[in-house]
Amino acid sequence: MTKSNFTRRGLLKTSAVAGAGVALPTIFTGSSAHAFTNEPTGSTVTLGFNVPQTGPYADEGADELRAYELAVEHLNGGGDGGMMNTFSSKALQGNGILGKKVEYVTGDTQTKSDAARASAKSMIEKDGAVMITGGSSSGVAVAVQALCQEAGIIFMAGLTHSNDTTGKDRKANGFRHFFNSYMSGAALAPVLANAYGTDRKAYHLTADYNWGYTTEEAVRASTEAMGWETVAAVKTPLTQTDFSSYIAPVLQSGADTLVLNHYGGNMVNSLTNAVQFGLRDKQVNGKDFQIVVPLYSRLMAKGAGANVKGIFGSTNWHWSLQDEGSKAFVKSFGTKYGFPPSQAAHTCYVQAMLYADAVERAGSFAPCAVAEALEGFEFDGMGNGPTLYRAEDHQCFKDVLVVKGKENPTSEFDLLEIVEVTPVDQVTYAPDHPQMGGPEATLGSCNNGA
Amino acid sequence: MEAIILQILNGLDKGSAYALIALGLTLIFGTLGVVNFAHGALFMIGAFCAVTLSRILTLSHTVIDETKVDFLGNPLKVDVPYVYDWFGQATGDAIIDWAVPLAILFSIPVMLFVGYAMERGLIKHFYKRPHADQILVTFGLAIVLQEVIKYFYGANPIPTPAPQAFAGSFDFGAMLGFDPNTIIYPYWRLVYFAFAAIIIGGVFAFLQFTTFGMVVRAGMADRETVGLLGINIDKRFTIMFGIAAAVAGLAGVMYAPINSPNYHMGMDFLVLSFVVVVVGGMGSLPGAVAAGFLLGILESFASMGAVLEVLPGLNQIIIYLVAIIILLTRPRGLMGRKGVMED
């Protein structure tokens, strides 16, 4: 015999529990609609392209934007498909991302960290961007990467070469395709030793900010390891336009090699000044004086004109590469715009494609799912040979190009020639390398946001 | 000793640019009483006159070279300058090579016109307004001008080399009995210094020894009295604005080979030039020139490696430190006159 204690209080309790039970799937479904920041719910998905549209790197930013627009065209099934045809992953179908048509919004970083954060924030909060990419400065990259980490958005870095981006400032939501200062040093040192010998006295002029420091550190470490001596390392203000006061004392220092850890306009001016002072015509310590530019870009080489002839440096990618991916991209970009893409355009195009591909493979736009798809991802056909997105620091590892200013350029684009493709093994380092922040540097946890 | 000589040379060179810009600023301030924050933009426009002439001289027609291919694998299109067709390749190359000196002739009418248009079109409406309004409007104009230049020429620096005859550097060390290679100085910077000296001397001679200059100086001292004598001093001051613009423009033309012109080069010089004017004494032409060279030399010494090792960053603040010291001890600057900006 069963005794039923059917009271009013019991009924309320039972109803509440049952109601919660019935409601649970609804709550879960409702929650999953906003399971992560800016989850796309309609037929489109919005990407945020945050590039320098004003300021000293505006031309570089314009080229980045061209590449992003080309990537969007290819992702949506337009154009000739570019690298989608050569990319080893075949997840992308040319029907958008996960069937959603790709749209984009743009922001202006102004190459200023605060402005870049403000524009990224606006694109995330107002435009609903599900991913932020772009930039042309390590300061901007580190700042925007931190913002994306807080917001629960994936950040696919554009042009950023400082070790810190995937070193001490690495973040779980941030990914970098571009190479870094350590890799430049590791790739350059053997080529420099081969060309100029192992008995050299180097004088460093270094841009007085984060990227300059890590580049100087990396080049010093790699060249000193092969026998070079560093006689001086002088910091120069970012705002400096005339470097004559810094160049003039170089010959009196006993140095026979000048390393210009400068980028953009700084490099254009310092190299021009160094050539004006006749450094390249001099002999010191019985050797021809030499100049080295650790990080080259074609746009910088154009600015420096004939002064770059014969000067060694490194670059992430160059349009003269003859692999199928590079040829496809150069053809696609060149046909659309009438000139070859810069390395900034290349890395930004690849980053957009890699993000889209990761979403397809993950089957979700959720940042943590995308991050998981990118971590440890090995791919090819994107212009740099076989490449690994290392899980521990979200840095891409691939061959590094050592280039030299071309002696007899045939056009305004034909300024650099590739002298060596340094194998990836030679530029790979441990994730806890001291130059990368040591053992303390961690990615933290992935953030899906709201 | 070698280092000191070298930094003095450097200072003279930097000081030349400061002095030329400050001279123009002072001319405008002394005549029209306008604080012209667009003066750096005039310097920049001068540099872009050199770029423009260089581009005009290299205007080309395209020839297909079937033996070579371009970046897309198509037959290479080679640009052949029209001057090759007109003068032959050797003479054509020489004309292109001398683009910067030739740009001096090109820039004078351009800069006189720009200065005249700027003064008649905008600045004359602000003569009786407070200095703050003048600063705001001329600063705004400077931004507009640099954005216009960026629109047409892009944001990247544009290499504008000096003629080959002035490439390389002069070995003062060997000449003065020091070790070779210890005191070297680029030929073009020496040319720049000589050019600045000629321009500065020319402006002073113009003001000192011509009737026009005498009237202008009288107008600078007492505008109302000169006007009462029936002289159209306003017209002369407008011409002086054009001359000041031309001085800034010429400084920019000749500076183009030293640092590749870019759209914000005017702003890079503007603040420093104002400090030079204030240190020299508002309204004093000799003061502006003297302060330009003085601060240029001090900045060069502060940039020496040995100095920076002891006092890092001194080169970035030295000009402002000196300005503070001079203004504390001589409130009107080195050669400032009583009454200027003191009403």
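From the backbone N, Cα and C atoms, a Cβ is placed for every residue, glycine too.
Model, not experiment: these values are computed from the prediction.
Features reported for this protein in TrEMBL:
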- B:16-35: transmembrane segment (TRANSMEM)
- B:42-64: transmembrane segment (TRANSMEM)
- B:95-114: transmembrane segment (TRANSMEM)
- B:190-216: transmembrane segment (TRANSMEM)
- B:237-258: transmembrane segment (TRANSMEM)
- B:270-298: transmembrane segment (TRANSMEM)
- B:310-328: transmembrane segment (TRANSMEM)
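Residues 12-13, 16-17, 19-20, 23, 27, 31, 162, 166, 170, 226, 231, 233, 236-237, 239-240, 243, 247, 250-251, 254-255, 258, 285, 289 of the same chain lie 6 or more positions beyond the ends of the transmembrane segment (B:190-216) yet place their CB under 8 Å from a CB of it. Using the rule of three or more Cβ pairs under 8 Å, pairs at least 6 apart in sequence, the transmembrane segment (B:16-35) is not in contact with the transmembrane segment (B:95-114). Tertiary neighbourhood of the transmembrane segment (B:95-114): same-chain residues 42, 45-46, 49-50, 52-54, 57-58, 81, 83, 87, 160-164, 242-243, 245-246, 248-250, 252-254, 256-257, selected by CB-CB distance under 8 Å and a gap of 6+ residues from either end. With a cut-off of 8 Å between Cβ atoms, the residues of this chain six or more beyond the transmembrane segment (B:310-328) that come close are 272, 275, 278-279, 294-295, 298-299, 302-303, 334.
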